[in-house]
Amino acid sequence: MTYVTNARSPPRVRLKVPHVTRLVFLLLLCHLVAGNRPPRFLIDGRSEIVIRLKEGPDTPIGSLIYRLRGIDPDGDVLEFGIRSQIGSDILKIEAISSNEANIYLVKELDREVRDEYSFVLTLTDGHLGEGNFITQSFLLLVEDVNDNEPIFKPYPSAISVKENEPPSILASVEATDLDEGAYGQVLYHLQELDGDVNNFSIQTVNGKGVIRVVNKLDYEKKSLYQLRVLAVDRANQGRVNTGTAAILVKVQDVEDQPPEFVVATPVTRISEDAPIGTSVLQVRAVDGDRGINNRISYSIISGGEEHFEIDSSSGVVYTVSLLDREDPNNSNGAYILEILATEEAHVISPLPSATTEVTIIVTDVNDETPRFRSERYIGEVIENAQQNTPITFLDDAIPEVFDYDQGKNGTFELYIVGDNGIFDVTPFKGINEASFLIRVNNPLYLDYEKVALMNFSLVAKEIVTKDAKMSVVPITVYIKDENDNYPEFTQAVYKVSIPENCDIGSTVARVQALDQDSGNYGTMGIRYTGLSGSIAHLLHLNSVSGLITVKQSGGDSFDRELIAQHYITVEARDDLGKGNRNTAQLIINIEDVNDNAPMFLANKYEARLLENEVEFENPLVLEARDLDLNGTKNSHIEYAIVGGDHKNNFSIDPNLGIITPVAGLDFEQIPGDNTNIRPIHLTVRARDFGTPPLSSTVPVTIYVQDVNDYAPAFTQMLYKRAIPEDMPGGTSVIEVKARDNDGSSPNNRVVYRIQRGASDKFVIDSHSGVISVSNGSSLDPDRTDPKVTRYTLTVVALDGGIGDHQLSAAVLVNITIVDVNNKPPVFVEPGTIQVMENMQVGAIIYRAIANDPDDQPVLRYSIDKANSHARNEDGVQVLPTDYDFLALWDLNTVDGSLRIVRILDREKVEVIKLVVTVEDMAAIQSGPRQVASATLTIIVLDQNDNNPKFRKPFYKTSVPENSKNGAHIDTLLADDPDKNRSITYMLEGTNASLGLVHIDKYSGEVVVSNKIDHEMYPWINLTVKAMDSGEPPRHAVVDLFIQVLDENDNNPVFEVQPFEYRVREDVEPGTVITNIVATDADSNEYGKITYLLDRTSTQGKFLINAETGALTVSEWLDRETQATYNLVVEAWDNYQFGYLSGESRNAFKQLVVIVEDVNDNAPVLHLPEDCTTISEFHKHREPIVSISATDADDNNLPNGRVQFHLVAGKGHDLFRFEQVGGDANTGRLYAKQSLKDRFGNYTLTVEARDLGTPPNSVRGELKLCVTDYNDHAPIFVHPPQNVTIKVPENATIGTTVVVVKAIDADIGPNGAVRYRMRRDSAFSVHPSTGALRTVQPLDRDKQTVYQLRIEAYDLGLPTPLSSELDLTVYVQNVDNYRPRFPYKHAVINITENVANYTINLPSVVERDEIDRGDEPVLPVCYYIVEGNGDAMFQLDRSTHRLTSKLLDREQKSNYTITVLASEDCLNTPKYDSKSDTSNTLIVHINVNDVNDNSPKFISKIFTGGITTEADFGIEFMHVKAIDLDDGENAKVNYYLLGNVKETLTEGLENLSVSPFLVNVETGAVSLNFDPQKGMKGYFDFKILANDTDGLSDEAHVFIYLLREDQRVRFVLRAHPSEIRDKIDVFRENLARVTQSVVNIDDLRVHENKDGSVDNTKTDLYLHLVNGEDHSVLEVEQVLRLVDKNIEQLDELFKEFNVLDTQPADFQPLTAASLSGNQTVYWLVWTSVLLAALLVLAIMTCLSQRADYARKLKAATATAYSSPTPGESDMTLRSHGRVPNTNKHSSKGSNPIWLHAYENDWYKADDQMSHSERDSLDENAVNAEVPSSKPFFITNNAFPSIQSQETETESNQGNYDFYQQLEQMKNTKNMETTEL
């Protein structure tokens, strides 16, 4: 007995009490001891404590396994113990409090030693007496762990088996495992030391391992197998233990193998002239059985038996007859011998044998002669046949030649003898066998008329050099005649004449044609087959005689006046009208008949005649035309005046029709009115001289005009006047007068002018004749040279005559000038002086002289430095900063002498102009300064002090080679700053160079002096020396480089390349065969090669690149049609520029292209129709089935050889094909591996593929049936092993606890699973469904845990297989506690486009402290019960890990899922949102954005328009792109791509900047130029939208320039706010119906004609654009389109309530309308003020002054700034405002009446003005801010409709001022209020 005391009992307290008290206490204590109550265990009412512990290290020593609790009603300290018994030493009890103790494990548990312990626990409070305890049973169950390995029982270590042993049981082994359950169940597996386990298998049957032989063994392959049997327990988790056993299997050999060849040379060669008995080769075979070596005998069973024999013992093959390689029976000189080796066995019948194939190749000897298939050949060819035309062979001749020798012995050449080069043969070489063609080589000699028959020979000769054999065959060619001559007319052109009134049947002409051919091909067969031309239908042509007659007369065709000459084409054909044709021209002239009267060219004639004139101002010529033939009487016309009152005053030329006056007419004598024009009427006749004569008349009107014939006359003969010289300008001096006697204006209107003498000093008034002093003129006589004191003016008076008819009169006016003293000094002109450069300093070169007309002048001289200047030799001005030319001189101020003070340099300055000034110092102080100046020109003369200098540092030029002597090369010029510029030139260089060129010593021209060859002298380098003519002379040198240019003087040369090329017949057109290369020694274009290809030889199949020489295939080739092409390649230089002019050189090259065969036939597959059946244990080395295929291609080539492959079908990777040796087109199907567990029906797709490149293939289905064998035991898949399942104790009988499920990999009965219980208990399992149900009531108090074992077995034969499942059923109390989440909501952020993003969900909180320690702790599983309809998330129920699929934020930006926590991990619980609130978690998932979407424009095309009245900088449209991303990723920037394209534009020629700008952030398009009236056209450009990461999109923008009158207004019955959102629908439908581009300009409230606003209607302004030519449609065109499509637009107009469609025109605003209203307003106010009392008026003025001042300022504000005086000069201060948006800036809005309209109840909120800036202090408008009307935009971007635009007052007038101001964009000065 073990006792435990509490080491921490409460301390004792000693009480001090009196003795009596002690006595009472002792008595009470005794009473209490006598009444002690026992303690008890706290075990929740259970009868026994049961715990389960795992054995071994899973429960380590020292583990706390249980906590004991007790209770004592007396509160005593409790002592826990354990009764001593066997095994009680494994536990230890330690007290931890007065009523608790822990039980610890002190020894390791081993279930295999003892699986349960039953202990008795004791409890005492110390007062129960010695040996008395409270006891409690304690049951410790030891659970098994997999800690024991399976151990084999004794087994045979070596086994012998014959190799022909059928599949059977080989041995059995058994292993045991001390563990229990699955840990103690053993499964067996098999291994082989070399990995060869396909021949053996092992099965677990009733706990034993049955080893079987499953495949046939083969001693020859392997005679010893080392098998290892593995015994593995069935632990499904954790450690798995394995035991091993080794078994040696010995294979015993039997006689079952045929012989095997060990020596067999596959290929042997022997000469065809080898003698009989020659040994060829030897074969040797051995017995296939290794332990048995029987004798082998040999024989030949096929192939060459008549030529070869084999020794039966030695295997030597030798010849028995002579060989012939060319024998057609030996496969082209090769013999394939099949040799049989037979084993002389003693047991097997028939005898085993084996075969092999050897190939004997007979080498060639030249013993064959080339031979033709036919002895002679007869052919024909038409005359004039083209080159390369083949001859047609007759009489079934076969054009083939053959020589079956090998190699060069069988190679022969073909050539023609005796044809004089007329024909050639192709191919010219053949191997073994060749078909040949004879083609025309020179067609010029094929003329039937000259030669009708040709004979020549064709030779075939071997190419060997020694003893070449040859054959000759005669060839006869007949030339066939052809119709090769054309009919020839006797005349090239026939000319005839017929009258225009000819009759039917009249002969027109006769034509004749001749033909040199004979018979019907000649003249005898000519027929005239047709007429063509203008009147061919009116003529008849006799087809035999060629006579042409009139078939139909009359009409316009024979009217000479319409057509005087007809051209007819006559056609003639030979061969009776079916052969060659020729034509001749027939010209028919129509003779004239007088059938047309003369006709005047005009209906009437008019002319003007000045009075007194004998000729008209313009000649009056009458002309009549007669359509009859010119030059005949029928067309000769005579003119005569036959009527008129004044006809005798005029005459007419009878032939020319010219009318002239007989004499001058006096205008005053002709009756008429007072005008200066009076008419005369005549009648003129025109008559011809035909028979009879015909005539016509015409009226003629002559207008006689008055002329100016009176001149003006002055009233005086002379005028005189004297005036002072200082008379100011504009003063009148004198008046002259003249009169004109003409009576009519303007002839009698007089004007005056001064003709001469005024000297710009006087002017005259042209109308009044008043002479006055000219403004700004001076009359000072001293300022004139010579001095003038009197002016004689000649004044002319002119009348109103025009031009030379103007008349005039003149008079003299003398004006005398009185002098005043005011004269400045005057310089004597200094002129020009010359000074030699380098002149000595101090020399005087000039003296200045000035005169002053005043008395006693005081003159002082000086140099005007500011106005003096100098120039160099070239006339370029020299600045003082560059060369101080002013410092060179010194001027004496008194005497004016000029001296040199520095050295002069002519090269720096040559001409100096010094401005010298003089001032009269004695001038009056109060008057102006008297100053004069003069310019002295100084020319600096030259000295030779500079060397010549060439104009270039070096000269580089060129000259063509072979240039003629004297050809110009270049001109070299040198300059000399000195005046000695006579320069001579000379050349310096090598003698060779100097002999090629020459330089002119005076001009510097370099010319050719000898022949220059580019190839010898590509460059000529010389030195040129220039020497001047000074004393002493100076010189300079310069380098001259002359490049010699190449000429085309070399032919192209082809490089050495192969003559023959091969190309596959399936090569695609465009494939390059080879690159032909030719070179030319010339350079540039002369050395540039152009390649051409002869079209005839290519037959259209090949092309050559003219530049690169690449020879390519142009069409698909067909080797079967033609296998060889002989091509001719031409190489031309300078082809582009010199071919047509004959300046190109060429070369030719011939090459042969051979077409190689390709694989163009697919195999044909032969497969069995039925299913081929095998077992799953079929030996994989044995064939399953054989199949075959055929291929139409040549079997000797890879194209005809077929291989087999498995390419598809169920399980096709389990099988393989092997080709059958000797038969390339047969294959056998094998299994790649064991088919165990691979049972089932397989449909394999077999592909038969030939070996061509590329291969052709065909596919078919091969059916294969693999039957099953019962070799799999059922495997439980649900629930897991050793799982604990809770069942409430109140479960009724038949309650389903769980449904177990096991699967079997077999099929049929072998895979049918049944269930049964291995032990009887309170549960049963359904044999088929696996449902585990209760069969009796459960009582938790009787049994809490049930250990169940369920067996699953199959129905396989002969032995069923099974497996077991261990379950623990725990009987649970009825009340259950659900797991709880710590919070109800969780937020998760996941980035889009991240695959398999995982996160752990929060764990549930622990349950409340409930005393149910006996209940096992079960796992909690999570389930998604809501919000995952699209299956974007997966939740691992056990690990609570949430995984997301690839999320797209643009599709969905957040998710909300509901997660349910449950202890049921077997079945998905049903979710009830009301009852499952405590154990659910709502997870909110936010998808973070990444930039994975590029911006997309809402439309790929944006269109808009802008009027020519728009202002600069206006934003008139927006482009918009949408980015589906979020935040910064969705920020879009806009850019204009490239240049703006201007199309059909006018007036934009000077536009140098981009017309438009695009706002980067908003996409607003703004105007970047000032449109002007008359500008037209449209613009288009591209817009780029990109986001922050550079993703982008593009769109196209079209912007149209239009006028205001090109817009159309649609009136809709709806407010703008109602249709603004759906206006795009209207625009798109209208565009679709009218097939035009529709742009919305504006959308506003309807405005009536009287200016009032109708809020129930909308005015929609738009314009249309032609989508094809991008022109803006005019209003009339738009209205016609609408009317034309009104039926299609009916539904649209009804939907939008379209009331009217009309032009958007306007009436101009007139000043009269404004001024009238303003006058009324002022009169009203004046009347009010005058009617008021004076006192009241004063008080009103004082009180309202400030208010009315501000209102009047707004009332008089202008729409635009005006600089004109008298108009408003209001400062424009309202920046950012649109003009006229102030609420006082429209008609009737004067603030004086504004109070009447404060209650506009009928206006919508969006129409009212709410801007605080409309106060009267800010009524100024900004002229720089453009109006919102001249622009527009489509694509849902409309200008905002401001409230001021829709406000309308009830006071109405003739015009609405705001509307007029919007439309009159150019009106700059107009007040906005009528006062």
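Just so you know, the numbers here start at 1 and follow the chain as drawn.
A Cβ is built for glycine as well, from the same backbone N, Cα and C atoms used for every other residue.
Record features, source TrEMBL:
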- 1-35: signal peptide (SIGNAL)
- 58-152: domain 'Cadherin' (DOMAIN)
- 153-261: domain 'Cadherin' (DOMAIN)
- 262-372: domain 'Cadherin' (DOMAIN)
- 373-489: domain 'Cadherin' (DOMAIN)
- 490-600: domain 'Cadherin' (DOMAIN)
- 601-714: domain 'Cadherin' (DOMAIN)
- 715-827: domain 'Cadherin' (DOMAIN)
- 827-950: domain 'Cadherin' (DOMAIN)
- 951-1054: domain 'Cadherin' (DOMAIN)
- 1055-1165: domain 'Cadherin' (DOMAIN)
- 1279-1381: domain 'Cadherin' (DOMAIN)
- 1498-1618: domain 'Cadherin' (DOMAIN)
- 1720-1742: transmembrane segment (TRANSMEM)
- 1757-1789: region 'Disordered' (REGION)
- 1779-1789: compositional bias 'Polar residues' (COMPBIAS)
Seminar exercise, completed: Rounded mean pLDDT within the domain 'Cadherin' (601-714) lands at 87
For this session: Taking helix as H, G and I and strand as E and B in DSSP, count the residues of the domain 'Cadherin' (1055-1165) in helix, strand and coil.
Result: 12 helix, 47 strand, 52 coil
Seminar exercise, completed: Using DSSP three-state counts, the residues of the domain 'Cadherin' (262-372) come to 0 helix, 53 strand, 58 coil
Problem set entry | Helix, strand and coil totals (DSSP H, G, I; E, B; other) for the domain 'Cadherin' (373-489) | 7 helix, 56 strand, 54 coil
Exercise. For the domain 'Cadherin' (58-152), DSSP counts of helix, strand and coil?
Worked result: 4 helix, 46 strand, 45 coil
Seminar exercise, completed: Reduced to three DSSP states, the domain 'Cadherin' (601-714) has 6 helix, 49 strand, 59 coil
